[in-house]
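Asker: Encoded as structure tokens, here's the structure I'll be asking about.
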Amino acid sequence: MSSYLLVLVAILGFAYAEGDYSLCQQREKLDDDMREMFTELHNGYRAAFARNYKTSKMRTMVYDCTLEEKAYKSAEKCSEEPSSEEENVDVFSAATLNIPLEAGNSWWSEIFELRGKVYNKNGKTSNIANMVWDSHDKLGCAVVDCSGKTHVVCQYGPEAKGDGKTIYEEGAPCSRCSDYGAGVTCDDDWQNLLCIGH
């Protein structure tokens with residue numbers, strides 16, 4: 001666990017981006033600071049992945065209130081299984097001080113199972129695939145109590161994931177941002193490792 005904390009400290013040192021998370025419904029277990037932390041955590045991991053795996057068009061993620069609503073509908077079912085391909089689920093049996101960090105580290109730990117850049121739904125990499133799918137540029141998360149356990153769900157968009165599909169394209173980081181269209185450029189807030197814009 002301590003190695004994950006060191007990695008997190010290193011990747012969150014990349015950048016701090018301002019965001020307006022106040023447009024989402026206010027929740028008992030999820031505030032704007034947590035929304036921001038989920039977003040920055042994902043972008044930090046994506047930047048580290050882009051650097052180490054040489055991804056050519058990894059997008060910066062932004063927080064999305066519509067995806068948060070979908071995540072809450074799923075989380076309130078208290079299932080420990082994802083309801084869709086574009087969903088990560090984590091369940092804690094004990095109280096944790098930092099829910100985004102705990103869930104993010106759990107999902108990120110699948111990096112050690114990742115073999116190549118093609119997604120295999122029978123592998124143990126569904127969560128990491130969602131975190132680093134290069135065309136995902138939105139996320140929304142939910143935190144709910146279910147019979148004394150904390151359920152964390154994050155939904156990702158746009159839909160892209162599928163068995164046999166490519167998780168990321170190789171190449172120099174940011175070298176293919178323009179594949180997403182005019183106006184998509186390299187994000188210097190993330191050391192020119194992630195693409196930003198729509």
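Yeah, the Cβs are placed from backbone N, Cα and C, and that goes for glycine too.
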Asker: From the list Cys141, Cys174, which cysteine is recorded by Swiss-Prot as disulfide-linked to Cys154?
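Answerer: It is Cys141, per the disulfide annotation in Swiss-Prot.
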Asker: The disulfide recorded in Swiss-Prot for Cys78 goes to which of Cys146, Cys174, Cys177?
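Answerer: That would be Cys146, the partner Swiss-Prot lists for Cys78.
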Asker: What does Swiss-Prot give as the disulfide partner of Cys186, choosing from Cys65, Cys174?
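Answerer: Its disulfide partner, as Swiss-Prot records it, is Cys174.
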Asker: Going by Swiss-Prot, tell me which one of Cys65, Cys195 is disulfide-bonded to Cys177.
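Answerer: If we follow Swiss-Prot, the cysteine bonded to Cys177 turns out to be Cys195.
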Asker: Looking only at Cys24, Cys78, Cys174, Cys177, the disulfide-bonded residues on record, which one has the least crowded Cβ, with the fewest other Cβ atoms within 10 Å?
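Answerer: Lowest Cβ count within 10 Å among the disulfide-bonded residues (Cys24, Cys78, Cys174, Cys177) is Cys78.
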Asker: Using Cβ atoms only, which residues of the same chain lie under 8 Å from Cys141 (disulfide bond) while being at least 6 residues apart in sequence?
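Answerer: Non-local contacts for Cys141 (disulfide bond): Leu30, Met34, Arg35, Phe38, Glu68, Ala71, Pro100, Val152, Val153, Cys154, Gln155.
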Asker: For Cys195 (disulfide bond), which of the listed disulfide-bonded residues (Cys24, Cys78, Cys146, Cys174) have their CA atom within 10 A of its CA?
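Answerer: So the list is Cys174.
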